[in-house]
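Positions annotated as Zn(2+) binding site by TrEMBL: Cys129, Cys132, Cys146, Cys149. Summarising the annotation, TrEMBL assigns domain 'tRNA synthetases class I catalytic' to 16-128. Taken from TrEMBL, the feature domain 'Methionyl/Leucyl tRNA synthetase' applies to 150-361. Taken from TrEMBL, the feature domain 'Methionyl-tRNA synthetase anticodon-binding' covers 382-528. Here TrEMBL flags 14-24 as motif ''HIGH' region'. The motif ''KMSKS' region' annotation in TrEMBL covers 297-301.
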Amino acid sequence: MTPEKTFYITTPIYYVNDVPHLGHAYTTVAADTVARYRRLEGKKVFFLTGTDEHGQKVERAARQQGEAPQELADRVVERFKGLWQRLEISNDYFIRTTEAHHKGAVQHFFNQVYEKGDIYLGDYEDWYCTPCETFWTETQLVQGNCPDCGRSVEKLKEKSYFFRMSRYQEALLSFYAQNPHFVQPQARYNEIIRFVQGGLRDLSISRTSFRWGIPVPRDSQHVIYVWFDALANYISAAGYPEDPQQLESLWPANIHLIGKDILRFHAVYWPTFLMSAGLPLPHQIFSHGWWTVEGRKMSKSLQNVVDPNRLLDQYGVDPIRYYLLREVAFGLDGDFSHSTLIHRVNSDLANDLGNLLSRTLSMAHRYSQGQVPPGYPASGCPAAEVSEPLRAAAERALNEVRRSMEELAFHKALAGIWELVGAANKFIDEKAPWNLAKDPEQRDRLDGVLYSTLEALRQTATLLSPFLPGIARQMEEQLGIHPGDGERPTLGEATRWGGMKAGKALGKPEPLFPRLTAERIAEIRSSFRIED
Ligand code: MSP
């Protein structure tokens, strides 16, 4: 019997020439949510992230800061790792392209492609900016000048190794045709097909104009092109080449999550490298949109780059995760603004979810001595009245989460969970336990109503756990259940109605999300120097 294939999901590996920003946090939180969701389903998961540490950008950034590229990488990598910890990212491995193992894997990969006859030495000719020591293509130039420094460029030639990408045009097109879900969303898939139909040129995969990279085997004048090096991280972290067994259990990856700007590298270059090396292709490349900030492109020159650490300081981790996943449809562009973030926190988190938990728990403490009351059928109250409405709402939420997670529609999954939260709030309003409590004859009904609401909350916590792991834990603590991250029952088990055990002690009610008051909002605005 072949062992069960592990669900393998990746983020891009981030350049270390700059510190992490909102865009990096976005991809990583999304990938983390998928990884947690698949684990909750009971699957074995391998979730990979890491850093892209070679290439001219990194070499240049290091020079500007007066340090060696490795020193820069060692310093900046800690910023990424620290941020992932704060964002509760549950990656199984963190790859750095300067690791000895990765370097060996890339050279091995290069050799495999070389032996296939797909690499040759030729002349690379393009527009060169001498002060920046960078080649640019015609289309990258800005008014004929260097897009980085604005100075003039000249046509220059250097020796380079080329990959025969042109050979793979037909094979790639037929692969796309056979795998209509290879690139998501659909509009991006169509763009990629059009691009490849337009013709594939051979690709320059080595450079001699700088040193910071992995040497080409047998020709150390050249370093390997940073994208050839970086893309190979997805297999080198999976055991390529020395551990074929591990590689087989992980590769091909189920999903490469990336931003739309790097789709061509993933959906065109990467598959052709793999075809040449005789390795299977990943199942899916999912490309998400870009965030603008308060309506403008995020850029250093506009000084509006959003530092996720500062957001975490002001709002905390779960509100940020919630906002990123709920505010825009994954795949589309979105606009970050403090006002929409504050609105989400106050309305969805504090009002809807926070209130539901605190009012339910305080009633259970008041009317049921802080214990889970008997539910249906023990309470003797008809199911149609006390458990059916919320049981059905919980089932609908589960189905919506399942459906939406297949297409990475995080916003829809969360909206589905909020339908359940809304149904539970409405249920309490309608059943008015405070009135039932006045009449001893209504004891059964009161128990049944409280039980169902507690059970709906338990299921809400389970459904939320991939998205908001911290909140799920806090909710479970207050509900008196402690599944612990590792031994959590699977999604199917945890969403069977009736998991709350009558007689069990509930925890202490604590506010989940304090509402952001006018005073706090003013503080936040001044800390981000937002003018009215
Ligand atoms: N090192 C390459 C990836 C190599 S993967 C084999 C790289 N790194 S990056 O650090 O520049 O960018 C990483 C990711 O951040 C990309 O997926 C990119 O789309 C994403 N984002 C950068 N700015 C962004 C926004 N403003 N909004 C959303 N995501 C953005 O590219």
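Note that Cβ sites are derived from N, Cα and C of the backbone, with glycine treated the same way.
Counting residues of the domain 'Methionyl-tRNA synthetase anticodon-binding' (382-528) by DSSP class, helix then strand then coil, yields 98 helix, 1 strand, 48 coil. Fewest Cβ neighbours within 10 Å among the binding-site residues Cys129, Cys132, Cys149: that distinction goes to Cys149. Within 10 Å of the C-beta atom of Cys146 (Zn(2+) binding site) sit 20 other C-beta atoms, taking all shown protein chains into account. Apart from Cys129, Cys132, Cys146, Cys149, the Zn(2+) site neighbourhood in this chain, defined by C-beta within 8 angstroms of the site C-beta centre, holds Thr130, Pro131, Thr134, Trp136, Asn145, Pro147, Asp148, Gly150, Arg151, Val153. Mean pLDDT across the motif ''HIGH' region' (14-24) comes to 94 in this model.
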